[in-house]
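Note sheet for the following structure.
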Amino acid sequence: MKNLNNYGYAFIAPFWIIFLIFNIYPVALTFYYSFTNYSGSGTAEVVGLANYQRLIADSYFVEAFFNTWKIWGVNFALQIVIALILAAIFSDMRVKMKGLSFFRSIFYLPNLITVSSVALLFGILLDWQHGSLNMVLMNIGLISEPINWLNEPASAQLSVSLILTWMWFGHSFIVVMAGVSGISTDFYEAALIDGANRWQTFTKITLPLLKPILLYIMITSLIGGLQLFDLPMLLTDGIGSPDGSLNTMVLYLYNQAFKYNNYGYAAAVAYGLFIITIIFSAIVFKSMYGNERKQARRV
Amino acid sequence: MTYSIFFWLNRNRFRLYFYRKFETGFVNNIIFSNLERGSPMKKVVGLIMSLVLLFGVLAGCSNTETSGDAKSDKKKDVDLKVWSFTDELKKPITTFEEKNGVKVELTIVPIADYPTKLKPVLESGVGAPDVFTGEIAFLKQWVNAGYWENLSKEPYNVNEIADNYVPYVFDLGKDEQGDVRALSWQTTPGGLFYKRSIAKEVLGTDDPKEIGEMLTSMDKVFEVSEKMKEKGYRMFPDEGSIRWFSQGDDPQPWVNENDELKLTDQKIEFLDYAKQLRENSYTALAPEWSPSWFEAMDKPIKVKEKGKETETEVFSYVLPTWGLHSVLKTNVKESDGDWAVTSGPSPYFWGGTWLGVYNKSENKELAYDFVKMMTQDDEFLTDWAKETGDVLSYLPVTNEIKDDFSDEFLGGQNNYQFFLDQAKSIEPGIVTKYDQQLDTFYGNAVQEYVDGKKSKDEAIAEFYKKAQNAYPELKVPKK
C-alpha cells in the first residue's frame, strides 16, 4: 500500500513540469528582474528596492490605476445591469419570452470579434470629421459641431467602457442565465401564489440565489478588467492619449518594458499590479461572503 | 476580458467526460484495481503503463529539441537565414540564390512584433538569422547593442567605400565608437508632394522649382497657405504635416552626448506654427493615417468646423521617397499624373531600412555576400532601382541612372534627381535611440496645445515629465 502514492506523482508530473517551466519560472524571473535595472539586453544589475520606491511615487502609475478603475467600473456596472434585466425578461414565467438561444447567440456575437477588429471598427465609427456617429448626431440635430470622441479624456474613457460593455454583456448574460435556470421553479411558483410582484421576486429570490454567480462574474471581470490593455492600445496612439486618459496599468507596463526598455521597472509594475489584483479580489470575496459567515455564526 | 471562464467551463466539462470514461475504462482497471490485488506481475504492467504515459509527455516536451535537430539537418538545405519586417527582400533573395546556388530562408515578422521577437533570438543565438534588417526607429539602439558584426574591421573594411554612400545613410549605421554595424541600400529623404492643377490655379505655375522657392521658410509656407485658403483649398491635411520642418535650419539631436534632453527654440516655435495652421484653417483636419487623410489625396473632402460644413481639397502632403510608391500611388486613382514633388523649408528624412550580419552567425562570409549584393552590387542595384523606383544610397549606381528617371505619376518629373539632392543636404549625426518615443511625446504635446487643452508651458512641462519617466537616465531640464 505504501508504494501506491508514488504512482500519483508520476501522473501529476507532466502537469507540474509544464507548470514549472511556463508559469513558475517566468513569474520567479520577473520577481528577480523587479529588483534589477535590466534593459532587455546585456546584464542585469541588482538595484534593491529602487524600482518599488519609484513605483509608489510614480504619478503615471497612479493615473493608470484610476483610469483602469474608471473604465472597468462603468463597463462592469452597465454590463451587469443589462445582463440582469435581460435575464429577468427571459426567465419571467409570465412573459414566456421565445427565442432564448437565438438571442443568446446574437448577444454573444460581439465577443467573437477580435479586439483589433473592434478597435478598427470603432475607430472609424467614432472618427472626428467623418465618423458615422457624428454624422448621425449632426443630422438629427443633437450637436452642431462634430465631437472628437477619442480626443477628450472623458469621452475617450467612456467610449472604451461602452465598447467593453457591448463586447461583454452577452457573455455575462449567458452566465447569469445559466445561474437563473439553476434556480428551482418552485420558488417562483410559490412567490406567484403568495402574490409577489416581479420586483419582489427578482430582489428576494433571483438576486440572493444568484450571488455566487455574480461573484464569479465580478471576480473574473475584475481580473480581466485590471488587465485592460488591447482596446486602449489600439484605439489611440498606444501610449494612452488623449492626455493619458487611456493609460491603463498593463498598457503602462507594456510601454515601460517594450517601448522604453525599462524591463526592471516594468517587472516591478507587474508585481504592483499583482498585489492590487489580490487585494481587490480579497475585498470582493470578503464583502460577498463575509456577511454570510457572520450570519451563520449568529444562527 | 473574462475569457478565462471558457477555459473553466470547458475544463470542467472535460474533467467530467474523462472521469466518466475512465471510471469504467480499462486504464484504471489495469493500473489501480490490479495493484490493489497486489499481483507483482501486474504491478509491473501498471508501472510501465504510467511510465509510458509520463515519457509520452516528456517526449512531447523535448520535441522542440528533436525538431531543433531536424532543423539542423535542414540547415544543410538552408545556407542563410534572413529576417526582415517587409517582403521587400523576397526578390533580391531569389536573385542571390540563383547567382550563388545557395538556399536562403526569409522570415518576415510584422514591424509591430519585430523588435520583441528578434531580441530574444539574438540574445540566445538559438534559431537566429545570419542577416537581419533594422528600421530607423530602433536602428540606433541595435547598432549599439552589438548584435551586428563590426563591418569596419577585417575582412569587411567598409570604411574604404564610405564615399560611395549618401553621407547621412552611412553615418546612421555607425555605433558609439564610430564603427559601422549596418548598411543600407536606400535613402529616404522627404519632399512635399503637391497637386499640379491646384498649383496652377492658385500660384500660377506648377513647376516644382518655382513652387519650391515659394516654400523656403515657414513664413513663406504660411503665405502660400493663405492663398490656398482664399481659393477654397487647404494647404495640408493636418498640423502634423509640418513636423519634419520643425528642425528648421539648425537641426540638433534630441539628446546630446551628455545625455541631456534638448528642446531647441525651433522645436518650441513649431508649437506656434502648428497652432497657427489650425486657427487659420489651413488644414483639412484629417490626421495622418486616418481614413480621411487617405481620402483627401484623391477627392474633395468635407470639413466641419465652427458650426459649418465646407467642401475642400488638400493641396500638399509631406512625405518621403517611400510615400510616393506605397502611400500616394496606392491610394490615388483620379489625380494620377497631377502630382509633383518639391522641397519644403528644410530637408528631412523619414524611415529607412538597414541590414547587417549577425555577430554570432556561423556563416558570416555568405551573410556578408548578401549584404554586399544589397548595398554594393552595381548590376543588381541598377536593376532594383529601375524596377522599384527605390532611391538608392549607393552613389556609383545613382550617378549612372539618375538622369533618365521620370515618373508618370508625377507628370514626368525626375523625382530621382530631386531626392538625391535632398539626401545630400541632410545633416548626419542627429538621430538618437530616443527619437521615436520623444517624437511621439512631443507630437502629443503639440496636439494638446493645438487643441487648446494645455498652455504652451504646460504642454512642454508634460513633455519633459514623460521623457523623464520613460528614460530615467536622461537629464531633463526642470521647468
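The backbone N, Cα and C atoms fix where each Cβ goes, glycine too.
Note that the structure is a prediction, hence the values are computed from the model and not measured.
Per TrEMBL, the feature transmembrane segment maps to A:7-33 (among others).
According to TrEMBL, the feature domain 'ABC transmembrane type-1' maps to A:65-284.
Here the transmembrane segment (A:71-90) has Cβ contacts under 8 Å with residues 97, 100, 103, 107, 157-158, 160-162, 164-165, 168-169, 172-173, 175-177, 180, 198, 202, 206, 214, 217-218, 221-222, 225-226, 228, 232, 246, 248 of the same chain, all six or more residues outside its ends. Annotation source TrEMBL lists transmembrane segment at A:71-90 (among others).
Look at TrEMBL and you will find A:102-126 (among others) tagged as transmembrane segment.
TrEMBL lists A:168-188 (among others) with the feature transmembrane segment. Within the chain, the transmembrane segment (A:168-188) has long-range Cβ neighbours (under 8 A, six or more residues past its boundaries) at 75, 78-80, 82-84, 86-87, 90-91, 93, 100, 104, 106-111, 201, 205-206, 209-210, 212-214, 216-217, 221.
Feature annotation from TrEMBL assigns transmembrane segment to A:209-229 (among others).
Summarising the annotation, TrEMBL assigns transmembrane segment to A:263-285 (among others). Listed by sequence, the residues of this chain that lie at least six past the ends of the transmembrane segment (A:263-285) yet keep a Cβ under 8 A from its Cβ atoms are 30-31, 33-40, 44, 47, 51-52, 54-55, 61, 65, 215, 218-219, 222-223, 226-227, 249-250, 252-254, 256-257.
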Practice problem: Report, as numbers and ranges, every residue of the chain located at least six residues beyond the transmembrane segment (A:7-33) whose Cβ falls under 8 Å of a Cβ in that stretch; write 'none' if there are none. | Solution: 44, 263-264, 267, 270-271
